[in-house]
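Down below is the structure, laid out as structure tokens.
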Amino acid sequence: MQTTTITMGDVQYPYRLGTGCVDGIVTRLGELEASHYLVLCDATVAELYGHDLAARLRRSAGPASVLTHPAGEEHKGLGTLDTLADAALHAGVDRRGVVVALGGGVTGNIAGLLAALLFRGIRLVHVPTTVVAMLDSVLSLKQAVNAQVGKNLVGTFYPPVEVLADTAMLGTLPVREIRSGLCEVVKNALAIRPSMIDFLAAELRPDGRYADDVLRWMIDESVAAKAQVTEHDKYERREGLVLEYGHTVGHALEHASHGAVSHGAGVGVGMVAAAEVARRLGHVDADLVELHRELVGKVGVATTLPADVPTEEITYRLGFDNKRGYQPLPADHYAMVLLADVGQPLYQDGLPLTPAPRALVDEVVRELADAPSRIGASVGSAGGAS
């Protein structure tokens, strides 16, 4: 397995990446000498990989249990966390236990917060099974669940002891989840690492089918992009805020859709919205907006909003965006990550955040919902395992 050391301030952990390397994953987990391995996943991932992984751990490492949670963003809440905490304690976990987050971003967030809270902190290992998780969520210390009014509003920062990733697991993903991850790759290219753009313009495929070497390149480049902005900002409160590009409208859409819109698809159209806001504020020209539409469209997701999600539900949730409070703003403004050009976020008061008038942002949201054309697949297309 290829090993990269992830560094965020005083936090370091290894990211081990391979293909067809489940035996290596079991070996690495066994070396942690846990008193109990809690393999946390949704029911679909449990059938694909979870029960097998737990059985292998029981044979070679020690006691192991599979804990499942309901699939979907709509179940990423405190109720699910409470149920899992009770189940973990009844399974026999103690302070020497290890939580194994086996799945996508939803599982990783739930497992991360569970590990942080059990006995005030036990070890966490990410075994990501989606593109979003492999190249985005496991490269962050943020662990959070949703509140009723918005995404990721209840949480903390907690590092894994390591990440163990097998790209062969991506072979069972539905196309929706591949596209979701690729939207985060586009975000990294537009906001942080524009050297990626030409390759992506040539290689992105709306059908979501990629050779393993292309996916490995995207993961490697995304690791490098995140390192650029988090190496000295482990809490993502300064330059790391650029990773929120596209997430203001994206999170609001994802939450308003009750999980029908994937995280990446929300971020995709959220980046288009951010580019259009920046254009209307005079920071970028129409060509940059078109570049956003082109790259997001090539991923295979929509660059406009789905007709079945009421715009008032989206604009309501914009008021609960998780970037509130970083800057003193008038009540009629949102704090948004906006660009001056590719790889050049706009800064104010030392942060990559720009005050954007609510009336303007809400207008852009309404216009994206009213746009007659769609590029690529519907944002709210059916999904699968995460």
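Every residue, even glycine, has its Cβ placed from backbone N, Cα and C.
The Co(2+) site in Swiss-Prot is built from His247, His263 plus one of Glu184, Glu203, Glu312, Glu313, namely Glu184. Secondary structure at Ser140 (NAD(+) binding site), taken from DSSP and collapsed to helix, strand or coil, is coil. Taking the Cβ of Ser140 (NAD(+) binding site) as reference, residues of its chain lying under 8 Å away and at least six apart in sequence are, in sequence order, Lys226, Thr230, Glu236, Leu243. Comparing CA positions across the recorded positions Lys142, Glu184, His247, His263, the one lying closest to Val106 (NAD(+) binding site) turns out to be His263. The subset of recorded positions (Asp42, Asn109, Glu244, His247, His263) lying with their Cα within 10 Å of the Cα of Lys142 (active site) consists of Asn109, given in sequence order.
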